[in-house]
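Notes follow once the structure below has been shown.
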Amino acid sequence: MEQVNELKEKGNKALSAGNIDDALQCYSEAIKLDPQNHVLYSNRSAAYAKKGDYQKAYEDGCKTVDLKPDWGKGYSRKAAALEFLNRFEEAKRTYEEGLKHEANNLQLKEGLQNMEARLAERKFMNPFNLPNLYQKLENDPRTRSLLSDPTYRELIEQLQNKPSDLGTKLQDPRVMTTLSVLLGVDLGSMDEEEEAATPPPPPPPKKEPKPEPMEEDLPENKKQALKEKELGNDAYKKKDFDKALKHYDRAKELDPTNMTYITNQAAVHFEKGDYNKCRELCEKAIEVGRENREDYRQIAKAYARIGNSYFKEEKYKDAIHFYNKSLAEHRTPDVLKKCQQAEKILKEQERLAYINPDLALEEKNKGNECFQKGDYPQAMKHYTEAIKRNPRDAKLYSNRAACYTKLLEFQLALKDCEECIQLEPTFIKGYTRKAAALEAMKDYTKAMDVYQKALDLDSSCKEAADGYQRCMMAQYNRHDSPEDVKRRAMADPEVQQIMSDPAMRLILEQMQKDPQALSEHLKNPVIAQKIQKLMDVGLIAIR
């Protein structure tokens, strides 16, 4: 047994020095002499993992568990190898099995948490939570017109808050169109084989994680360093930061190759509010970690802490930069959420910083000049810039709506009119321009309603009175073909929703077969409202 211990110690020293092949030879010779020694298989598993031979690391991890089923380290070795092999579900189960035997084993707990995080990453990411969601939808002509429909926005919010509903919504063509825009692929053109294809396996880890240390067989200096770290952790929890720093500093002196002791020091300075020192130590820790091939998760934590320090100082651009560095090393939900939060704050800050009413007025005047010359596209650009400079000026939206109407972009005109009315409910132009857009779309019933609202505000408004009369006459004299009526009606998002409702389709079929059923259905105010809408657009008529 003395020879076995000598070979084991020799292997440990070789592994610590980075001489992996020598370490493997020592452990293998020791195993020949003592094939039932579980520690030897555990150590050799660590050596194989460090070499990158993860299959053999896994086999030795399994042997360790077989020889000593109640030893947490064996499960840790086996799970780590499975993780390297991208067999995340099996790794998770192995960590869970190990915790049944050693419920308080920190390595197993941390390993399980990391596995759960990585498995969460592999699930389908919800595209409806993109930070620039509405900008993407606005920029694409396939979804731009849908945004004016309140039911569409409700649908988007529902899928943002409850992505599990996506499967039940795929029959809605609007959802498929939206996914095509957000994912940048034409889902409608994918053939069955493409749709049924399984996703490609994830790429191998970008950096080789460092195998876990062999607690029982660590050199004396590393054992002492771990003890100092624990003392430092106890002091840190008690907020005795000076004492914690002393212990972490001592641990670093004993084991200068372990970046954890430096990041722990950085954590103390973070709590003390000394963010410059915190960042300096994190950078040093990353340097040490790179030199010693540290686990990429530890590198990611150091970058995330730098990001957090900038976030605390409200330097969101710098925070985003380091959060992205952290995510490039290892993606975790917490850091991703923090990065998105910083991006949202920064975007709002930039928007507010851009506001300048004086420059907005200049752009508005330029837009007016272009509009009078008939250069509507250029006028629209000036009004858009003016809105960015002063987004609370209702008249700017009204002016841009006039441009959109001239350019026959009626849905966008309606959207701007709605914004104008919301900002300034008593501004007549907001109503008359909205009504004009509806009139141009030949939606005379809605147009008359809006003209009437303008007249309610100012009964002497000639533009509203004339518009109301025009719409009334047009409605009376229209002789559209059934195809024209149907095409125009189905362009209305509200009508689309009504006609895609299975219950409403059943009611309409009943009305065709049994006209007497109408009176029963009209007792329901919701159904009555929908039937009235279909009558208004000319899709149905009641005789």
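Glycine is treated like the rest: Cβ placed from N, Cα and C.
Annotation source Swiss-Prot lists SUMO2 cross-link at K123 (among others), citing similarity to another entry.
Sequence annotations record features per position, and here Swiss-Prot assigns SUMO1 cross-link to K123 (among others).
What Swiss-Prot records for 130-169 is domain 'STI1 1'.
If you look up Swiss-Prot, you'll see T198 (among others) marked as phosphothreonine, on the strength of similarity to another entry.
Taken from Swiss-Prot, the feature SUMO1 cross-link covers K210 (among others), and the record attributes it to similarity to another entry.
The SUMO2 cross-link annotation in Swiss-Prot covers K210 (among others).
What Swiss-Prot records for 260-292 is repeat 'TPR 5'. Proximity of distant same-chain residues to the repeat 'TPR 5' (260-292), defined by a Cβ-Cβ separation under 8 Å and at least 6 residues beyond the stretch ends, is recorded for 210, 225, 229, 232-233, 236, 239, 241, 244-245, 248-249, 251-252, 298-299, 301-303, 305-306, 308-310, 312-313.
Per Swiss-Prot, phosphothreonine is recorded for T332 (among others). Sequence-distant neighbours of T332 (phosphothreonine) (same chain, 6+ apart, CB under 8 A from its CB) are A117, A300, A304.
Residues or ranges marked as repeat 'TPR 9' in Swiss-Prot: 428-461. Each residue in the repeat 'TPR 9' (428-461) gets a DSSP state, and the totals come to 27 helix, 0 strand, 7 coil.
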Once DSSP output is merged into helix, strand and coil, T332 (phosphothreonine) belongs to coil
Helix, strand and coil counts within the repeat 'TPR 5' (260-292) (DSSP):
30 helix, 0 strand, 3 coil
